[in-house]
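Enquirer: Dumping what TrEMBL says about this protein:
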type	residues	note
DOMAIN	269-375	domain 'FAD-binding FR-type'
TRANSMEM	40-61	transmembrane segment
TRANSMEM	82-103	transmembrane segment
TRANSMEM	150-175	transmembrane segment
TRANSMEM	187-207	transmembrane segment
TRANSMEM	252-271	transmembrane segment
Amino acid sequence: MGINIFLFVWFYIFYNTGDQFFYTRHLLGSALAWARAPAAVLNFNCMLILLPVCRNLLSLIRGSFVCCSRTMRKQLDKNLTFHKLVAYMIALMTAVHTIAHLLNVEWLNNSRQGVYDELSLDLSKLGDAVNTTFLNPIRIKDMNPQYIPIYFAFTSIAGLTGVVITLALILMVTSSMEVIRRSYFEVFWYTHHLFIIFFAGLVFHGAGRIVRSQQSTNPPHMVTVCKDRSDEWGQIPDCPDPQFAGGFPQTWMWVIGPMVLYICERLLRFIRYMQAVRYRKIVMHPSKVLELQLVKSGFKMEVGQYVFLNCPAISHLEWHPFTMTSAPEEDFFSVHIRSAGDWTDKLIHIMQQLPEGAQGPKMGVDGPFGTASEDVFDYEVSMLIGAGIGVTPFASILKSIWYKFKESNPKLRTRKIYFYWLCRETHAFEWFADLLQVLEKEMEERGMGDFLTYKLYLTGWDQSHATHVMVHFDKEIDVVTGLKQKTHYGRPIWEREFEQVRQENPTSVVGTFLCGPEALAKVLEKNCAKYSDVDPRKTKFYFNKENF
């Protein structure tokens with residue numbers, strides 16, 4: 001934000017006070033500075049906008065900070081938030097830049113028609129005579145003045161590319177709204193690829209050089225002397241005709257680096273797409289959850305990481321992110337896919353039609369990519385909170401813990417895990433309960449029953465289910481999950497949970513990890529701050545959230 005403000009103020013002052021723009025300001029007024037200052041901010045933000053979506057670059061950088069600041073890695077995990085903030089700034093500056101130039105075109109046209117003073121008309125006539133260069137880019141005269149601004153907008157390089165850029169930006173921004181992205185992901189996905197047209201137009205937008213400044217001449221044209229003697233320009237030695245030239249296009253210099261990086265990113269994705277992926281197992285779980293166990297040569301992962309999947313049988317262009325539920329110790333990687341839109345519905349339908357034991361359709365895999373959950377083993381104590389299918393990164397973590405205990409891994413620093421899972425319906429627990437049962441048994445056999453504390457919360461139920469629970473309330477195992485830990489009904493009282501964790505771990509740094517909705521994230525982040533002690537020797541909570 002500081003750099004944006006600096007660029008805006010600097011270029012506003014430059015164009016609003018620079019002597020070389022005196023005559024330009026006479027035609028355009030303050031709209032010159034209001035057009036050029038946002039353009040400078042746009043250059044800077046268009047340089048940044050592609051970097052947060054270079055997934056492989058971010059994973060490389062994130063990996064290089066493994067031994068460095070936890071804060072640095074957390075900032076990298078907010079790449080999509082940063083991408084959105086930059087997009088908002090681009091949209092705002094585009095609006096200001098466009099409005100200013102619409103006014104500029106109208107004033108340039110009026111000056112050409114002689115609506116204003118004599119100096120404005122004489123400045124607009126420059127370029128008509130021999131040995132003069134134009135200041136007013138509107139050169140056409142034999143047309144109805146009312147239509148000249150529209151004609152200029154669609155025939156000049158700056159005008160035409162400006163229209164294309166603005167339309168592309170409007171479509172990208174509007175289709176990125178939460179309601180469209182959640183309900184019509186394909187609309188968001190395809191319109192977002194208008195960024196190719198946006199950047200192509202951006203590179204050529206300045207080639208028209210319509211904003212022009214006064215150039216040095218010999219003898220010099222002294223503005224202070226000659227501005228009131230425009231009828232004598234070129235006729236007396238003290239006032240030669242002023243010469244003007246457009247500024248050199250600079251936008252391409254700002255964006256060429258990120259564009260090259262992004263092209264390399266897409267090439268790497270294509271190479272990964274072409275690598276063969278084999279299906280090890282296809283499982284259909286209750287609640288329309290599809291489990292895919294996949295094998296890919298040379299594939300290596302860490303806990304909590306995610307991959308992008310592409311199924312050409314559905315769409316050659318669409319890639320969707322899914323957190324891996326397998327552990328690094330396993331010889332395959334798995335994802336659990338919930339029915340949540342057209343793409344996932346089509347994939348589940350295809351898999352359901354396959355004969356028993358058959359290989360599924362071709363699947364492209366890009367990744368793996370790092371997330372906040374990778375850092376779970378950096379904390380002595382961790383709180384893992386999953387909502388619905390958001391439990392997937394923690395399945396990977398808990399499986400990995402099981403393998404580490406099985407192998408007596410001495411590198412395991414974690415000594416306590418609190419796991420919370422919130423679901424709307426009972427069937428959602430089924431595919432994950434088996435893993436928790438194995439972990440329960442393993443911890444008891446090793447005398448480490450206190451290592452994992454887990455609480456399952458059912459947030460939706462009907463009367464028949466409530467009656468069934470009441471009848472079997474005295475049983476040792478839970479009637480919903482088959483686990484010794486009974487299912488809780490309703491939502492957690494987070495203040496109570498954080499207070500309990502703080503009391504049980506009075507001198508620990510606690511990592512709080514969430515894969516779930518934004519509303520829950522705000523509650524947890526607030527409680528992390530509330531229950532962190534100001535004394536660095538006492539309990540401190542660090543909030544981490546998965547971002548896709």
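From the backbone N, Cα and C atoms, a Cβ is placed for every residue, glycine too.
Those TrEMBL annotations? Automatic predictions, nothing curated.
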Enquirer: Please give the sequence-distant neighbours of the transmembrane segment (150-175): residues at least 6 beyond its ends with Cβ less than 8 Å from one of its Cβ atoms.
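Expert: Distal contacts: 87, 90-91, 94, 98, 101, 105, 109, 137-138, 140, 143, 181, 187-188, 191-192, 194-195, 197-198, 201-202, 204-208, 210.
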Enquirer: Take the transmembrane segment (40-61) and find every residue of the same chain, 6 or more past its ends, with a Cβ under 8 Å from one of its Cβ atoms.
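Expert: Distal contacts: 3-4, 7-8, 10-11, 76, 79-80, 82-83, 86-87, 89-90, 93-94, 97, 195, 199, 202, 250-251, 254-255, 257-259, 261-262, 265, 268-269, 308, 366-370.
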Enquirer: State the non-local partners of the transmembrane segment (82-103) in its own chain: residues 6+ outside its ends, Cβ under 8 Å from one of its Cβ atoms.
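Expert: Non-local partners: 4, 28, 31-32, 34-35, 38-39, 41-42, 45-46, 48-49, 52-53, 162, 165-166, 169, 172-173, 176.
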